[in-house]
Structure formats: C-alpha cells, structure tokens
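S.K.: What Swiss-Prot lists as domain 'HD' is 18-132. If you look up Swiss-Prot, you'll see His21, His50, Asp51, Asp127 marked as Fe cation binding site, on the strength of similarity to another entry. Taken from Swiss-Prot, the feature ADP binding site covers His21, 51-54, His83, 109-110, Asp127, Arg133, 172-177, and the record attributes it to similarity to another entry.
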Amino acid sequence: MNIEKAKRLAKEKLPEKRYNHSLRVAETAIKLAEIYDGDTSKVELAGVLHDFCKYDDLGKMYQIVRQYELGNDLLSYGSEILHGPVCAAIMEHEYGINDEEVLMAIKYHTTGRQQMTKTEKLIFIADYIEPGRTIPGVDDIRDMAYNQGSLDKTIYEISKRTVLFLIQKDITVYNKTIDCLNYYNYSDERIKDD
C-alpha cells in the first residue's frame, strides 16, 4: 500500500484529532529514523495506520482476534490493547500489506515487546513523544530519544512509566508490556544494540 492510499484510508475512518495524531506519529518516526538510520518509508506507513482500528466496535475486535487466531489472551482486554493486533491483522488480510516490519510496528505500538525491530522501536517511541502529547515527563523522553542516542533506553523508560501509570490506576498490565519492560531494563547489565 502506498502512503497516499494509507492517508486516505486513515482520514476517511478516523476522527480528525486521531488522524492528526497519526500524521504526527509518522512525522516523528521519520525524524527518529533519520537519526537512527531507520527505514523512513516503513515508519511513515506504520505511523499513519497504527491507530486505524482504535475506535472499532469491541465486539468486532474480538471477532477479528478469533478469526485470525491472534491469541485468546487478548480477549481479556479492551480496545487500548486490541487495536494494534487487530489493525495489523486487518492490514495484512484485508488490505494486502505484507511487510512484516510494518505489521509488527502496528501490532505492538502500544504494548511493546521483547526484541523489537528498529521499525517497531521507532513507532513505539514516536507514538509516545509526538508533539501533540502532553504526558507528564514527555519532554524528558523526547530529549532521551532525540539526543541521548539509545532507542533501547528510551523504550525502557517509556515502558516503566506506562507500567507505573497502569498500576497506579489499578489497570491490568498486558504481559507483553511487562516483558518489554524487563527486556529493555539496562540495570541487569545485559548489552543491547539499537
């Protein structure tokens, strides 16, 4: 799918505010890709489409989870977790996107996971730091992403803040988010490469 078609699809489906967020994620991911030698066309496509299913009916999302066998564990969660995996499945099976990196970046943009590809990392970070975000402490994360040279450390910090937020709100934390946090935790002295 070319980027113009992706933008057209997203604009037709998403509320204006969410569509603009998606464009900002794509733009932010491109900037990060230029810093970290990523694929700008892949991150642009994933950025534009990452929230394509965010407002889909929850019943429809559960149906997609079952239809494409995305994992029964997902059936315990709402749209905040489901929209990524559901969107990736729809983009693959209904829109013919077959680039695994783009699909994985869409699938895990909210939760993260262990051993993310560079494209996944760039979308995960861009979704958190795009200019429209006003999350407390986001400027520190932006500085880390743009100026401190480590995607992995940035992912760890985002995951840590996300998990702490969810715990404070008594919201169940998705297992892949915990796995992501643990995997990118530098305090255990594992060495990782961006």
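Cβ coordinates are placed from backbone N, Cα and C, and glycine is handled just like the others.
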S.K.: In the same chain, outside His21, His50, Asp51, Asp127, whose C-beta lies within 8 angstroms of the Cβ mean position for the Fe cation site?
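M.R.: Not counting the recorded site residues, we get Arg18, Ser22, Val25, Gly47, Lys54, His109, Glu130.
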S.K.: Which binding-site residues are spatial neighbours of Asp127 (Fe cation binding site) here, meaning Cα within 10 Å, out of Phe52, Lys54, His109, Thr172, Tyr174, Lys176?
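M.R.: Cα filter at 10 Å returns His109.
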S.K.: Where His21 (Fe cation binding site) and His109 (ADP binding site) are concerned, what is their Cα separation in Å, rounded?
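M.R.: For His21 (Fe cation binding site) versus His109 (ADP binding site), the Cα atoms are 14 Å apart.
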S.K.: List the Cα distance (Å, whole number) between Tyr174 (ADP binding site) and His50 (Fe cation binding site).
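M.R.: Computed Cα spacing between Tyr174 (ADP binding site) and His50 (Fe cation binding site) is 18 Å.
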S.K.: How big is the gap, in Å, between the Cα of His50 (Fe cation binding site) and that of His109 (ADP binding site), rounded to a whole number?
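M.R.: Computed Cα spacing between His50 (Fe cation binding site) and His109 (ADP binding site) is 7 Å.
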S.K.: Please average pLDDT over the domain 'HD' (18-132) for the predicted structure.
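M.R.: Residues in the domain 'HD' (18-132) carry a mean pLDDT of 96 in this prediction.
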S.K.: Counting across all protein chains shown, how many other Cβ atoms sit within 10 Å of the Cβ of His50 (Fe cation binding site)?
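M.R.: Other Cβ atoms found within 10 Å: 31.
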S.K.: Under a three-state reading of DSSP, tell me whether His50 (Fe cation binding site) is helix, strand or coil.
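M.R.: Going by the DSSP assignment, His50 (Fe cation binding site) belongs to neither helix nor strand, so it counts as coil.
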S.K.: Relative to the Cβ of Lys54 (ADP binding site), which residues of the same chain, six or more apart in sequence, are found under 8 Å away?
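M.R.: Result: Leu14, Arg18, Ser79, His83, Cys87.
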S.K.: Can you name the residues of this chain that are 6 or more positions from His109 (ADP binding site) yet have a C-beta less than 8 Å from its C-beta?
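M.R.: When sequence neighbours closer than 6 are ignored, His109 (ADP binding site) has Ala46, His50, Gly84, Glu120, Ile123, Phe124, Asp127 within Cβ distance under 8 Å.
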S.K.: How long is the line from the C-alpha of Asp51 (Fe cation binding site) to the C-alpha of Lys176 (ADP binding site), rounded to the nearest angstrom?
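M.R.: Cα-Cα distance, Asp51 (Fe cation binding site) to Lys176 (ADP binding site): 19 Å.
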